[in-house]
Amino acid sequence: MDKTVADLRKDYTLEGLSELEVDLNPFIQFKKWFDQALAGQLPEPNAMTLATVTPDGKPSARMVLLKDFDERGFAFFTNYNSRKGQELAENPLAALVFWWAELERQVRICGYVEKVSETESDQYFDTRPPNSRLGAWVSNQSEVIESREVLERRMQEFYSKYENQEIPRPPHWGGLRVIPTEIEFWQGRSSRLHDRLLYSRLDNGTWKIDRLSP
């Protein structure tokens with residue numbers, strides 16, 4: 001008999017998450033978990049859901065790639081004219097979610113968003129493969145197009161334009177940083193009694209840790 005969606009379930013049994021074991025600094029704790037995801041050779045451990053919302057409350061979400069993190073926040077790069085770029089310009093609040101299934105772990109981050117510096121955007125752009133740099137010029141992200149041929153034609157045009165020369169960063173393309181006000185670490189546990197530890201940023205810049213009911 002075929003399973004239905006309602007029949008799909010997994011019991012989480014790997015390990016727990018204790019207030020006594022986590023770091024008091026959520027960025028250090030994130031790095032610990034991220035390094036373990038890297039060591040476990042998880043596919044694209046830097047993939048994260050980015051949720052945004054319009055000023056009138058219409059939400060949208062998509063997968064993006066984390067490209068830098070430190071105590072300033074979590075950075076990704078995009079076309080500023082895209083839907084997410086426009087929504088964040090109008091309402092600079094966002095949520096991120098990392099899901100590392102093999103480790104039975106989730107990290108949820110909420111905060112406000114700022115552009116990274118021009119220098120940071122330039123430095124990251126210069127590390128991208130040439131075709132990816134061209135792609136930043138080719139795609140008017142989130143706009144309706146007639147067919148894929150539109151992209152392929154524009155790709156050839158920009159390839160010819162920048163052949164044998166440096167490809168500059170488009171002014172509409174760069175980095176955004178989510179500066180967290182809260183970070184939740186979730187560890188799957190048996191019987192759906194999961195461990196959830198929430199770090200909340202206080203006015204003095206320190207963090208408090210609360211355990212949440214699953």
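Glycine too: its Cβ is placed from the backbone N, Cα and C atoms.
Feature list (source: Swiss-Prot):
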- Arg9, Lys10, Asp11, Tyr12, Lys67, Tyr124, Arg128, Ser132, Arg192, Leu193, His194: substrate binding site (BINDING)
- 62-67, 77-78, 83-84, Gln106, 141-142, Trp186, Arg196: FMN binding site (BINDING)
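Features as recorded by Swiss-Prot, highlighted on the structure.
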residue: Arg9; record: substrate binding site; DSSP (3 states): coil
residue: Arg62; record: FMN binding site; DSSP (3 states): strand
residue: Lys67; record: substrate binding site; DSSP (3 states): coil
residue: Arg83; record: FMN binding site; DSSP (3 states): helix
residue: Gln106; record: FMN binding site; DSSP (3 states): strand
residue: Arg128; record: substrate binding site; DSSP (3 states): coil
residue: Arg192; record: substrate binding site; DSSP (3 states): helix
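Secondary structure from DSSP puts Phe77 (FMN binding site) in a beta strand. Arg192 (substrate binding site) has Arg62 as its nearest neighbour among the binding-site residues Arg62, Leu66, Phe77, Arg83, Ser142, going by CA to CA distance.
Calculated from their C-alpha atoms, the gap between His194 (substrate binding site) and Gln106 (FMN binding site) amounts to 11 Å. The 10 Å shell around the Cβ of Arg9 (substrate binding site) contains 7 further Cβ atoms across the protein chains shown. Checking each of the binding-site residues Asp11, Lys67, Arg128 against Arg196 (FMN binding site) by C-alpha distance, the shortest gap belongs to Asp11. A straight line from the CA of Arg83 (FMN binding site) to the CA of Lys67 (substrate binding site) spans 20 Å.
Taking Cβ-Cβ distances under 8 Å and a sequence gap of 6 or more within the same chain, the neighbours of Asp11 (substrate binding site) are Ser190, Ser191. Of all Cβ atoms in the protein chains displayed, 15 besides its own lie within 10 Å of the Cβ of Lys67 (substrate binding site).
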